[in-house]
Every structure is written in structure tokens, then in C-alpha cells.
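Colleague: Look at Swiss-Prot and you will find Asp14, Ser64, Asp440, His441 tagged as Mn(2+) 2 binding site. Among the features that Swiss-Prot reports, active site, phosphoserine intermediate is placed at Ser64. Positions annotated as substrate binding site by Swiss-Prot, on the basis of sequence analysis: His125, Arg155, Asp156, Arg187, Arg193, Arg259, Ala260, Asp261, Arg262, Lys332. As annotated by Swiss-Prot, Mn(2+) 1 binding site applies to Asp399, His403, His459.
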Amino acid sequence: MSATPKPLVLIILDGFGHSDKPEYNAIHAASTPVYDRLRATYPHGLISGSGMDVGLPDGQMGNSEVGHMNLGAGRVVYQDFTRVTKAIRDGEFFDNAAINQAVDKAVAAGKAVHILGLLSDGGVHSHQDHIVAMAELAARRGAEKIYLHAFLDGRDTPPKSAQPSIELLDAAFARLGKGRIASLTGRYFAMDRDNRWDRVEQAYHLIVDGAGQFNAASAVEGLQAAYERGESDEFVKATTIGAPVQVEDGDAVVFMNFRADRARELTRAFVEPGFQEFERKRAPQVGFVMLTQYAASIPAPAAFAPEALTNVLGEYLAKNGKTQLRIAETEKYAHVTFFFSGGREEPFEGEERILIPSPDVATYDLKPEMSAPEVTDRIVDAIENQRYDVIIVNYANGDMVGHTGVFEAAVKAVETLDTCVGRITEALQKVGGEALITADHGNVEQMEDECTGQAHTAHTCEPVPFIYVGKRPARIREGGVLADVAPTLLTLMGLPQPAEMTGKTIVELE
């Protein structure tokens, strides 16, 4: 018999925060007999998943990429958001070699600089201040033709909140005396991550060919027209602003999203040789720059190269001869693999992965259970087989259904999670295994904006639950953060903590 319980399952309930407020709280409204029993029976507490505790600016809500990086690294990982913001403040951004090389080449040839990005203050995939800085950089370096192709948010921000961001950029271009917003579309089209190429195709043709479904004299007018059509920010259809603009050979294109997962598909359409996901009417040869590295396989320079993380949990388990399973449905598969492994695509030795397809629905309020039951089937099977020392699972429901803003669907999502967690803990009891239950950030515990009365579709800064489900006597240390979770797993496995992991165990065995 092994010295420590096996398997140890880390259950990450994506978007499942804790709030004492019952109003518009899908967790409070749901029937959760399993969650209630676990909290009544086992050591539990709350840990932080936002702000500087996860390497983000103070007061910045956490997100799935950041959360999983911290969970897997066992140390606070200073995020690309923070790196870029600091570089702008310090002035280093304006000396960035990758961006300047592309811009200077375009300027020397009398060509345009196109800026792509999610125009919002959400801070999850991008930040509007970074886009302003990019416009300033292009103007400083002599670009006369500067075009912003703005993707609208409404997901990490309220559903109809884009106008102040548009006005901020209009004012920035006016101040610079050059540049303008050339197109608008919702992130639903430009930032897909599930191979829904028909959406990406519309965004690509809008940017490259100036082919929009609608045209407006100004970006604000284009936005208002979309609202009148019943479209919120996320779903704004392809709209050209003023005289339509095309991307030409020799232009520079800088994609200002710092988060990789929703920037990859559109980037591939621009730069991938032999791209075949849809027919490109034109494929201009441009100087394309990614703000960060969206994937090692994408043939384009990154302004901010990835910072290597060593001895992350997956790597350290492999070094110690332990086996691990990573499992999630499509929406969160990258998080439980690439991001949890510190930005590494390949599995470690002894690591196996299971990808369960996410349901093919337009929005997940239409199927709030998503693929959680199928994910759970595979986990229960893995527990019963006792093939793995560690199982790491992400359940997407709280986040993905929370993002829809549909309260009744969010309640159903929480109830689905409760059932699934019950099945896992029951299977673990039969084999003597243990579990840690936590989340990466909040979302589903706040489904309405108290100030505006609109649906609250964004993440929150609320703490997240942490439960140790095991037979060993233990207490929970207060003041924990996501970076403390990996050291906690090592403690429960009886493994020493590597020096690179600066987090501290949350579960103190008695």
C-alpha cells in the first residue's frame, strides 16, 4: 500500500467564487447538498485568486489563464498584463525591438500600421491603455496611416459598455493628429477558440478586405446602430467605419491581446503558410507582431517573449516518477494543460491528457451542464483503475455559463457541478483517495451588476473556496492564494517542495 492516499484529485471549479451576498448568487440559489456536506465535514477555507496575489494589478479580477498559471507554478506568476503595463510606464515599451522593426519597415515603405485587439478595460485578454500606447508608438515612429480594428468585449465587462472605450481611442487619435478606428466587431467573431472558423472568417475579411455587413460614419455611431439591432458588445456584427480600409502587402499588423488562447485562430489566418481553415480572398504579406507568444508553432515574432517557469507542479511530479492525468472539456483544456504547465505545450513524462469535446451550442445557457457528466465519467473510471498518482480536472460550467448572464442557467450549472463533485468524492472514498476542491476565480456567484442592473457577465474579485477532502486530521491555514495549491499537493503526497515554488501549503496535517 502506498504511503500516501492515491489518487489525489485537484478539482478546479472554473468561475466558482465565494460571496456571502445571496442576491443574484447562483451558488446560493442552487441546490448543493454535496457542496454543503463537504464544507460541513471537511477542513475548508477561502483563498485569493485576484490582484497582486496572482501577479495582476491591485483590484484586477482574476481569470482562467492567470489562475491556472498560479495553480500549477506554486509561486506568484507576474502576468503579461502586469509586464506590459510596467513596460509602458517605464518607457521600455516604446523601445520594443519586435514592434519597432515591423513599424519602421512599414513606415519606410509608406505603408499602414494596423492595430488589432480587444478594446476594453476588462484586463483579461487585453487593456485599452495598451492599445493607446501602441497608437502612440506608431505615431512617434512616423506612421501616417494608423488603423485600429477594435474587437468589442461585453464579456469581461458589462454587455453594453464599449462606448467609453471607443471614445478614449477617438480622443487618443485626435490628440496624436493621426490614426482612426477602421472597424468594429464583437469578440464572438474575432476571438473564437473552438475552431468555429465561420466566425473568424467574418472578422478576417472585415480587417483584411474591408468587408463589413454594416458601415458607419463613426465608431460610436456604429456601436449605437448595433445596439439598435439588438446586438450587445460581444456580438456586434462586422462594421466598417468611414471609408473601408484594406490590409496591403508591406503593412504592419500588431495584435495587442496579451492572452494567447483567443488570439491564436485569427493570428493563424494572417501568418500561417498553407492556411486552409477557410478561403482567404487575399493573404497580404505583412509584418505581423504578437504582443505575447500565442503559440510556439505560430511563425510570427512576439513583442514580449514568454518567461520560462521551471519546476512547475507537472514537471516536478514527473521528476519524482509520479503519474498524472489532465482532463477538461474543450473550453478549458488549454488551461488545465498549457497554462497549468507554465506555458508548455508538450506533456511531461508520465502525464496523460483527456479532452472531452464541449457541446456545439451558440451559448452555454442553452446547455448549462456542458460536458461535465462526460468528464466525470472518465474521472471516476480513472479513480477506480488507480492508474494515476494525481488527477487534475477543470469543470468549465461556472465560468462559461456565468459569462452568459442567464441566472437560471447558472443555477443549473452549479447543480450539475454539485452532482459531479459528489460522484468524484464517492469514488475516492472507495479507493482511499483524497481531493482538493478549489477554483481559479469568481464569476457565477454574482450574476447581476448591482449598480447598473445589467447582467453581470464578467469575473469577480471574490475569494474562491478551498476544501480538503481526506481522512487525515488537518487544519486550513488562512490567507492562502492560488500559488499555495501546488505546494499543498506536494505536502499531501509527502514530497519536498522545490526551491522555485515559493507558495506555502494551505493544508497543515496534524
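Placed from the backbone N, Cα and C atoms, the Cβ positions cover glycine too.
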Colleague: Whole-number Å only: compute the distance from the Cα of Arg193 (substrate binding site) to the Cα of Ser64 (Mn(2+) 2 binding site).
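Modeller: Checking the Cα atoms of Arg193 (substrate binding site) and Ser64 (Mn(2+) 2 binding site) gives a distance of 14 Å.
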Colleague: If you draw a 10 Å sphere on the Cβ of Asp156 (substrate binding site), how many other Cβ atoms land inside?
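Modeller: So the Cβ neighbour count for Asp156 (substrate binding site) comes to 21.
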Colleague: Can you give me the Cα-Cα distance between Arg262 (substrate binding site) and His459 (Mn(2+) 1 binding site) in Å, rounded to a whole number?
Modeller: 17
Colleague: Using a 10 angstroms cut-off on Cβ to Cβ distances, just flag whichever of His125, Arg193, Arg262, His403, His441 is the loneliest among these binding-site residues.
Modeller: Arg193
Colleague: Could you tell me the C-alpha distance between His125 (substrate binding site) and His441 (Mn(2+) 2 binding site) in angstrom, no decimals?
Modeller: 15
Colleague: By a simple count of other Cβ atoms within 10 Å, which of Ala260, Asp399, the binding-site residues in the record, is least packed?
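Modeller: Per-residue Cβ counts within 10 Å for the binding-site residues Ala260, Asp399 bottom out at Ala260.
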Colleague: Just give me the nearest neighbour of Asp156 (substrate binding site) among the binding-site residues Asp14, Ser64, Asp399, His441, His459, Cα to Cα.
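Modeller: Going through Asp14, Ser64, Asp399, His441, His459 one by one, the closest to Asp156 (substrate binding site) is His459.
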Colleague: Taking only the binding-site residues Asp14, Ala260, Asp440, which one has a CA atom nearest to the CA atom of Asp399 (Mn(2+) 1 binding site)?
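Modeller: So, of the listed binding-site residues, the one sitting closest to Asp399 (Mn(2+) 1 binding site) is Asp14.
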Colleague: Quick one, of the binding-site residues Asp14, Asp440, which Cβ has the fewest other Cβ within 10 Å?
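Modeller: Selected from the binding-site residues Asp14, Asp440 on minimum Cβ neighbours within 10 Å: Asp14.
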Colleague: What does DSSP call His441 (Mn(2+) 2 binding site) in the simple three-state scheme?
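Modeller: The residue in question, His441 (Mn(2+) 2 binding site), is coil (DSSP, three-state).
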Colleague: Taking the Cβ of each of the binding-site residues and counting other Cβ atoms inside 10 Å, which one has the highest number: Ser64, His459?
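Modeller: Per the Cβ count, the most surrounded site is His459.
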Colleague: Just checking: which of Ala260, His403, His459 have a Cα that is within 10 Å of the Cα of His441 (Mn(2+) 2 binding site), counting only these binding-site residues?
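Modeller: Within 10 Å of His441 (Mn(2+) 2 binding site): His459.
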Colleague: For Asp14 (Mn(2+) 2 binding site) and Ala260 (substrate binding site), what Cα-Cα distance in Å is obtained after rounding to a whole number?
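Modeller: Per the Cα atoms, Asp14 (Mn(2+) 2 binding site) and Ala260 (substrate binding site) stand 18 Å apart.
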Colleague: Looking only at C-alpha atoms, tell me how far Ser64 (Mn(2+) 2 binding site) is from His459 (Mn(2+) 1 binding site), rounded to the nearest Å.
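Modeller: Approximately 10 Å lies between the Cα of Ser64 (Mn(2+) 2 binding site) and that of His459 (Mn(2+) 1 binding site).
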Colleague: Cα distance, Asp440 (Mn(2+) 2 binding site) to His459 (Mn(2+) 1 binding site), nearest Å?
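Modeller: Cα-Cα distance, His459 (Mn(2+) 1 binding site) to Asp440 (Mn(2+) 2 binding site): 10 Å.
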